[in-house]
Amino acid sequence: MLLFGYNPLQNYWNLFVGAFGGSYSIGETLRNMTPLILTALGFAVASKAGFFNIGGSGQYLMGWFGAIIVALKLSWLPGWVLIFVSVIAGALLGGLWSAIAGILRAYCGTSKVITTIMLNYIALYFVNYMVKNWLATKGQDSSATIVGKASLRSNFLAQLTANSTLHWGFFLAILACIVIWIYFNRTKAGLELRSIGYNSRAAKYAGMNVRKTIIVSMLISGILAGLGGALDGLGNFQNISVSNSLPQVGYDGMAVALLAAYNPLGIILSALLFSALQIGGMSISVYSSTPTEIVNIVTAAIIFFIAIKYAFEIIMNKYKFSHSKNKNKRRVGQI
């Protein structure tokens, strides 16, 4: 900021006030955390199994679409039943979409990166087509708004946070973090998943079903990302529109997970940081002449330093392996 002539201390204070300066700001920051947490959890689960899942945006979008379509078409259901069915539909659709990449990887050996990227764009154009030709009214680019009983918002949370868009989905996202932490650290399936991520060949020789674990990890990953889309659709947007680009939240979720080192509980704090930057960043231009794009630069810098950390670890591991190999050769020569 100093390089461009802006006051960093003042702008960081404005950012803090924009994110936490009142009950409304806090509500918006917490609401914005919801999809970040869930897409980050999805990426973390796949990464723990050694699968670099870049398809979070597509899975989030499919979850959003699934939840809205059920909420609109089954609006005759009782309130909590409608919410439950809509959320489950969105989560399952995201999971099934992600499982496609897992199956292709497990049985055909396809590239996990290319497959998930392609599925992102297939999801985008599929959802656009369905919204335009099935859900939207004639001449419109968005669906109808869901009925009030399908919404995750509540009068209690609105009064508590000065009419912010905070909804019950935030608390479900926190619960998901706890569940995934237990899954990673306290279950046999979680141990197998992490073992395969560390070394799939060794895990296979130990009798673990690598193919099954890859598919299950991608299914869970997609369910979490789809759940993020479902909760955002029912709690924040309350409809779905034709879009020209993929949702950014899938890629932001990757950065959140990387910053937290794939720790489900750390993801909560990491998502809070990213959400505060996004929500607070919108107020920077209100209180000063600083453009909001400066926040994108700060976010990019965070991601850059995260990447340097992992690059440094890779270089050090290669050095240690090479050093150990040379040391063993010298020992053999001495014998």
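Start at 1 and count along the chain as shown; that gives each residue its number.
Placement of Cβ uses the backbone N, Cα and C atoms for every residue, glycine included.
Whatever TrEMBL says is automated annotation, not expert-curated.
What you see is a predicted model, and the numbers here were worked out from it, not measured in a lab.
The feature transmembrane segment is assigned by TrEMBL to 12-30, 80-101, 113-131, 166-184, 214-234, 254-274, 294-312.
The list of residues near the transmembrane segment (166-184) in space but at least 6 beyond its ends in sequence, with Cβ under 8 angstroms from a Cβ of it, reads 27-28, 30-31, 33-34, 37-38, 41, 44-45, 48, 151-154, 157-158, 160, 190, 193-194, 224, 227-228, 231-232, 234-236, 263-265, 267-268.
Most Cβ pairs within less than 8 Å of the transmembrane segment (214-234), among stretches 80-101, 113-131, 254-274, belong to 80-101. Long-range contacts of the transmembrane segment (254-274) within the same chain, counting only residues at least 6 positions beyond its ends with a Cβ under 8 Å from a Cβ of the stretch, are 29, 33, 36-37, 39-41, 43-44, 47-48, 54, 56, 174, 177-178, 180-181, 184, 299, 302-303, 306-307, 310.
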